[in-house]
């Protein structure tokens, strides 16, 4: 019989693994230094340190030395897995370890030189699996080693952020030396990973490997691990933490009650107020993160790498780490709020995004930490109601701030943010929260509640993740469901955000208050959800019916289901259930993006233009989860009179705030054109990149200033569909139309799968129709055809149009034919404000400017155009200017001045209106563009290309 102490396993693993990487590095440095530090962009001396991939996989003999030594690591590696399994008895942990080991073999033996994509897939898989592996191993470790492992794991994942940053600097910015700095962090991950497994030494000393013959003749065993009994440090530690937590609560309860009596009960004023704010903070941070992420793929025109910040929603996974759950219980609201809201101080967009991701991660984890311990029925409903009222408060506040949340990091004091006020409130309620919410951790699991099966937990997790997505997609702004129903102006057009956004807020408030009636009774809400989803998915149902029976009914059904979910989740305390919920939420968010961004993402065709499918799946999962909740819910709740008195007070406060905001954002008067004496229409076209400027700040105020300065009567805005999760569910027309005192038509809605277009007009919009142009391959091209009532009741047609991508030639050909026919079908004077992606005088240009369309170019001699074009017909062209964008967006503002003529004047001018001949000064002073943008201009705006405006006879 041979007995070997288990400590030899981590020792052998550490020696073999470290030797493999170290030997390859030394050999590579000695033989091929210049070759292994060379990358796609730079070589020595700009780069001076090799990446792991270049070191282990590019050259002989270091590649062979590495692979031999790493092969020797396999035996102690699998012994390490078996030893951990014996100690913690966790099959899930063992399975993750095996998959992690296989993925390690993938990126080790398939190098980046062999197949770059496969190598990266295995590498990413390995890093992703390292998270649950480190957490579970740390959780199940003895107290002696858990701190060391926890610290090592924390440093490991903290190192990922600067590593990703420097990789982007290398691959996207092509910055010299960036790859060497990236390599430092990459090698640090290797050392930290080896060190983490080395800390198993203390745990493995407690076991022996026994090699012996079996007592039965003829039978032998390869080996067995012998010990008196399995040691489950995780259970011991969990028990200790739970006991210490119970003691802590017991200590705090008398202190709180002696100081404030019953103020800290579930029906107390302070409990309700604090958790309404916490609910508001939750939704503010959750919506802020995705709104910030969107800036990066937008400006990189593709996947940038910063999208990984979406993993911040998986904050609950950190509750597995020792002492983290207790820390978040005490300081989660405070830390999460300060970091996420305070991120506005950070000027660099990349670092601001990381700050928001960290803060949101803590906020989400703190929410989960509270929710998973609430087992009392009354406390559960009180917590659910305050969470809903926090949601309603955020929606009302967004309505009052023109659909921007004033706590978001895309705002500061310069563009309407109230970040400092939010920080003060966060500190106040963050300090109150651990005391007020101590009641959430009281009580035991109700004896009447049924234990959930694994399948039940899965359904509950998937349902809750879908519920979060559904609320975020349609119910985080008062105008989202309105725009799902909007089809343009006509005699019986649908609701507009003002004043009907207030109805959305009121219905959401009603649904929140009445949700107590449906706690544990999901059948009616599920039926309403089924009906409303069908209405929202039906493209034939539009305007008021879609808003009422789709949008409002959906809001009622969703909010009625929340208390049932909260009650059931309180009976299921497993952290993985919540991690799975937010994973499902992330998957649905990506699907929500894929339906529009299919041309820019892998496998985009799968979900192309299928928002209804995404909605249907989410509603189906919500219903299945809700029916599962029914089996887990405890007895009916009975809330006292005092509770409803306080709730009534908060409801009245929210209704009053709604009324105040409706009054504040009312139209300021009847819009009037700037130059009625000359009967001028000053029209512009501008691509505004979804209202986010180059530095990730909301740009509405700066856009308003330029539009005012240029005295635009009509403006077409492109890339405006911000009524999506990733754009913050914002309505750019809300503030623009209000502050500019203009009518607004929000083009094809968020359920039409376009990037959006908007028409703002000083003239009444008599009629407007929305068009989706042929796009068999690329992105959908949106268009608005609006008829404006101008001077002397002369009707003028305005077309706002965004064509497809440069790569999709057939799409653009079909779209040009469609637009030419659409413009040619009307004989009224017309203006096209467009984004055509064509050279002047070439290709599809000759379809837009043709006998079929009847349209003419505002200046055929301007040959420095590709994207934006202004065409016209039946109007007298008097001026044309191109204005630099500043840092608002990536595209200039083009402006044309046109004079509306009487029928007699039209006959007199006839074809002379289209003759070319420009001047440096206008015919009349009233027709002049502002001088402030001559020369260097103001605020980064100046006349460019011609360096001054052009005027025409």
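In case you wondered, yes, glycine gets a Cβ from its N, Cα and C as well.
Feature annotation from Swiss-Prot assigns N-linked glycosylation site to 419, 490, 767, 792, 825; the stated evidence is sequence analysis. Residues or ranges marked as region 'PGAP2IP-like' by Swiss-Prot: 230-953. As annotated by Swiss-Prot, region 'Required for function in lipid remodeling' applies to 862-882. The topological domain 'Cytoplasmic' annotation in Swiss-Prot covers 1-7, 86-91, 139-149, 197-278, 369-380, 442-450, 569-585, 635-642. If you look up Swiss-Prot, you'll see 65-85, 92-112, 118-138, 150-170, 176-196, 279-299, 308-328, 353-368, 381-401, 451-471, 518-538, 586-606 (among others) marked as transmembrane segment.
Within the same chain, the residues at least 6 positions away from residue 792 (N-linked glycosylation site) whose Cβ sits under 8 Å from its Cβ are 679, 900, 902, listed in sequence order.
Considering only the glycosylation sites 419, 490, 767, residue 825 (N-linked glycosylation site) has 767 as its nearest partner by CA-CA distance.
When each of the listed stretches 279-299, 308-328, 381-401, 586-606 is scored by C-beta pairs under 8 angstroms to the transmembrane segment (451-471), 586-606 comes out highest. DSSP labels the residues of the topological domain 'Cytoplasmic' (569-585) in these numbers: 14 helix, 0 strand, 3 coil. Calculated from their C-alpha atoms, the gap between residue 490 (N-linked glycosylation site) and residue 419 (N-linked glycosylation site) amounts to 41 Å. The stretches the transmembrane segment (150-170) and the transmembrane segment (279-299) are not in mutual contact, being linked by fewer than three Cβ pairs under 8 Å (pairs 6 or more apart in sequence). DSSP states for the region 'Required for function in lipid remodeling' (862-882), grouped as helix (H, G, I), strand (E, B) and coil, give 0 helix, 13 strand, 8 coil.
In the shown protein chains, 20 other C-beta atoms lie within 10 A of the C-beta of residue 419 (N-linked glycosylation site). Around the Cβ of residue 490 (N-linked glycosylation site), the number of neighbouring Cβ atoms within 10 Å comes to 13. The glycosylation sites listed here are 767, 825; among them, 767 has the most other Cβ atoms within 10 Å of its own Cβ.
The average pLDDT computed over the region 'Required for function in lipid remodeling' (862-882) stands at 95. Of the Cβ pairs linking the transmembrane segment (279-299) with the transmembrane segment (518-538) and spaced 6 or more residues apart, fewer than 3 are under 8 Å, so the two regions do not touch. Counting only same-chain residues 6+ beyond the ends of the transmembrane segment (308-328), those with a CB under 8 A from a CB of the stretch are 131-132, 135-136, 138-139, 146-147, 150, 153-154, 164, 237, 241, 244-245, 286, 289-290, 292-293, 335, 353-354, 356-358, 360-366, 368-369, 575, 578-579, 582-583, 585-586, 589-590.
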